[in-house]
Amino acid sequence: MTKAPVTVTVTGAAGQIGYALLFRIASGQLIGPDTPIKLRLLEIPQAVKAAEGTAMELDDCAFPLLQGIDITDDPRTAFDGTNVALLVGARPRTKGMERGDLLEANGGIFKPQGEAINAGAADDVRVLVVGNPANTNALIAQAHAPDVPAERFTAMTRLDHNRALTQLAQKLGVAVTDIKKLAIWGNHSATQYPDLFHAEVGGKIAAEQVEKAWLRDEFIPTVAKRGAAIIEARGASSAASAANAAIDHVHTWVNGTAEGDWTSAGVVSDGSYGVPEGLISSFPVVARDGRFEIVQGLDIDEFSRERIDASVNELVEEREAVRKLGLV
Ligand SMILES: NC(=O)c1ccc[n+]([C@@H]2O[C@H](COP(=O)([O-])OP(=O)(O)OC[C@H]3O[C@@H](n4cnc5c(N)ncnc54)[C@H](O)[C@@H]3O)[C@@H](O)[C@H]2O)c1
Ligand SMILES: O=C(O)C[C@H](O)C(=O)O
């Protein structure tokens, strides 16, 4: 039976992540191989022409599942009836810009987008914020969508999760599929905490299979600073891997996590593990029946506690900063 089409809105569609993302969505990798897709591309007026060029290329792929592409610079039009909103477009930090300036500039993007989602998105809308600072941008959008359940707003830490999987797999000489229950905690920033104390390889705890010094001095900083290392190497921030992680995040959200495993996502905290309620923080999560649920009951030792607290404190500071700007 043919499934009903899913409307997917991508902001920043003419950007480098947009270019790596749209073709994969249109080919059916976001939701599944039997779900038709309607695309909505949101861009700023100066980049609409470039988005039109990408849309021409999408047409030229003749994707069987792609039922249409709308391009707009108006958030209300972009999010009207949308089922999946991928908020990729954001204001990058430029020379001389302070963190407060960055948060304010992004407030100017994510506040109206949250309002537009509130006004017109489909009842089942799912929102993934990719644009940085992703957790706090998600918080801003969520704060302006009071009629949408807060749990529908998420921030992307799946790229960090995937990076951690590969670093550990390469260290142990195993396949990434041999690793279960890895988790990223906190902010999508250099303070994030990739946790190997609950991760399992061959049924045994991963942290017990690596040297403590490697875990502390190599693994954690490599994963946490990988974004900066990519920028240094490519001269541009990660794009294909970020798009891949966005696909993974939504696919898992809709289709579920495998039995006996979990993943990582920035979700609204319910106060679990001492993370203040309402913050959008990364946690180990399972996806069931189309919802993310924070994995409960994990023991957190002192080493992990210190690192989770440091990242969560950064999120608290970001929330304070956007509160002062009247954005949440
Ligand atoms: N969470 C993650 O893991 C992760 C990973 C990589 C990149 N990122 C972030 O994703 C964002 C996008 O990265 P990119 O490389 O595609 O950047 P990019 O500069 O290539 O593209 C961004 C696009 O967003 C558009 N845009 C700006 N304001 C907009 C608005 N109000 N509405 C719609 N579109 C708007 C721009 O015109 C541009 O085309 C950045 O903030 C980057 O830091 C996050
Ligand atoms: O865009 C960045 O600052 C880096 C990006 O968030 C990444 O993790 O690759």
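A Cβ is built for glycine as well, from the same backbone N, Cα and C atoms used for every other residue.
Residues GLY12, ALA13, ALA14, GLY15, GLN16, ILE17, GLY18, ASN106, VAL130, GLY131, ASN132 are recorded by TrEMBL as NAD(+) binders, and the candidate that the same record lists for that site, out of GLN113, GLN142, is GLN113. Model confidence over the domain 'Lactate/malate dehydrogenase N-terminal' (7-147) stands at 96, taken as the mean pLDDT rounded to a whole number. Among ARG93, ARG99, ASN132, ARG163, the residues given in the record as binding substrate, the maximal Cα to Cα distance rounds to 25 Å. With DSSP classes pooled into helix, strand and coil, the tally for the domain 'Lactate/malate dehydrogenase N-terminal' (7-147) is 65 helix, 26 strand, 50 coil.
Within the set GLY12, ALA13, ALA14, GLY15, GLN16, ILE17, GLY18, ASN106, GLN113, VAL130, GLY131, ASN132 that the record links to NAD(+), no two Cα atoms are more than 20 Å apart, and one pair reaches that distance.
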